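K.L.:
Provided herewith is a single structure, encoded as structure tokens, for subsequent inquiry.
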Amino acid sequence: ICIMRRLFPPLSQGDVDPTGKSKVRAKKPSSKYNEEISSDSETERPTAPKKSQSTEQIEYEETPQEKKLRLAKLYLEQLKEEEENKAEEASFETDLIAGRLQEEVLEQKGKLQRLIAKDLIPPDPSEIRMFRGHKLPITCLVISSDDKYIFSAAKDCSIIKWDVKCGKKLHTIPGGRKGTEDRHVGHTAHILCMAISSDGKYLATGDMNNLIMIWEAETCKHLYKFTGHKGPVSGVSFRKGTHDLYSASHDRSIKVWNVDENAYVETLFGHQDSITGLDSLSRERCVTAGGRDGTVRVWKIAEESQLVFHGHDGSIDCIQLINEEHMITGADDGSVCLWSVNKKKPLSTVKQAHGCHGDAGLEQPHWVVSVAALQNSDTVASGSHNSQVTVWKCGQNYRGLEPVFSVPVCGFVNSLKFSSSGQFLVAGVGQEHRLGRWWRLKEAKNGIYVIPLKRKPSNPEEAKVAE
């Protein structure tokens, strides 16, 4: 009753309506009660959210059995998804492994031919880089299997290790003067050939003093010196995947060495003139160019036998294996030939591959000084002294040669090498031929040209065609 009186006090006279009816005027509550009422109203105000919260609680309320069933279904779905992903990965890995095994089998049989040449486009001359460091003509070069380094040698008897990416000299092995062989660590005569092992451990170089030197490729530290040849060493090559070294010389012999054991193994004879080039891959065999005896020979090391091939009219000066069954050669009659080890005659011959020079009626073909092949592909290259490096496309089953494009390079292209990835081609250029000084091109510069091999924008995966 006290509370009611405080809330609703009795009406005063001023609160009576003139019409006789009483009119109650609501007295404003005190601020104290106003605050209490407002606070109560605030707590009571969000009625709708409470309803939604209660409905949400109702929606999410589930029995333990329903929760177990829901979690079990979720777990089964996750397992199913994981198994599908594993099955996809396993099938992908199986296909990948099968593809690799098939590729390795084809590579061993010499029947792997990746179709790359059709996608190549000529590089812009501004994109060709030149490394200069040798004082005299470059005679030979090699690229490491990871494509990071180039090793080059020249008639100044020096060896330089280059960084492909930035073009800087990482290490230089200086050449010595004639007569300083006893005290100089390195070559004192023109270096004619070099090779690097497939694992990048050893570098081998051969010179005009009949010597073969073995270096540690990473540090360029001198390791061994092989003596035994009686003429200039014109070709060296490591058997792929091993440290067995094959060497060829102007003394007409082939020698086999074991670099790990610093040991001589055996000597093979057969050529009738100075051997000018040598190459090998993973089989226990090597191929050689016999210069003016006009033959190309395949040497089966284990059987100590040889196969003899005829085709060029002039001195065969360079040779390179494309795969285990096919090779390319160049000669001073201006021709480039494609060979199969199963045929005694060339599969294809391009005469005057680099054109002719001289007065009318006395034209002579430009000598083919070097050849290179992108392994297990249809892409090869040749170099001469007509200021051009030509890239060729081999036909299907290596029958036929078609020019793809030429790159301007001034001088004698004494050495050519494709990178393992096929991303670039390196040319070692000099003012003189690597084997002599028949004439000199004064306008040429002694250096190394790195030629990028650009592909068409819509480049599909490299097709593989087996014979």
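All residue numbers here begin at 1 and follow the chain in the order shown.
In case you wondered, yes, glycine gets a Cβ from its N, Cα and C as well.
What TrEMBL lists as region 'Disordered' is 8-65. Here TrEMBL flags 69-118 as coiled coil. If you look up TrEMBL, you'll see 131-172, 184-225, 226-267, 268-309, 309-349 marked as repeat 'WD'.
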K.L.:
On the DSSP side of things, how many residues of the repeat 'WD' (226-267) fall into helix, strand and coil, could you say?
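P.N.:
Tallying H, G and I as helix, E and B as strand, the rest coil: 0 helix, 24 strand, 18 coil.
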K.L.:
List, by number or range, the same-chain residues at least 6 past the repeat 'WD' (226-267) whose CB is under 8 A from its CB atoms?
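P.N.:
Contacts with the repeat 'WD' (226-267): 192-198, 201-202, 204-214, 273-284, 286, 288, 299, 301, 304, 435.
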K.L.:
How do the residues of the repeat 'WD' (184-225) split into helix, strand and coil according to DSSP?
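P.N.:
Final tally across the stretch: 0 helix, 22 strand, 20 coil.
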K.L.:
Which value does the mean pLDDT take for the repeat 'WD' (184-225) in this predicted structure?
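P.N.:
That region's mean pLDDT is 94.
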K.L.:
Per DSSP, what is the helix/strand/coil residue tally across the repeat 'WD' (309-349)?
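P.N.:
Helix/strand/coil tally for the repeat 'WD' (309-349): 0 helix, 21 strand, 20 coil.
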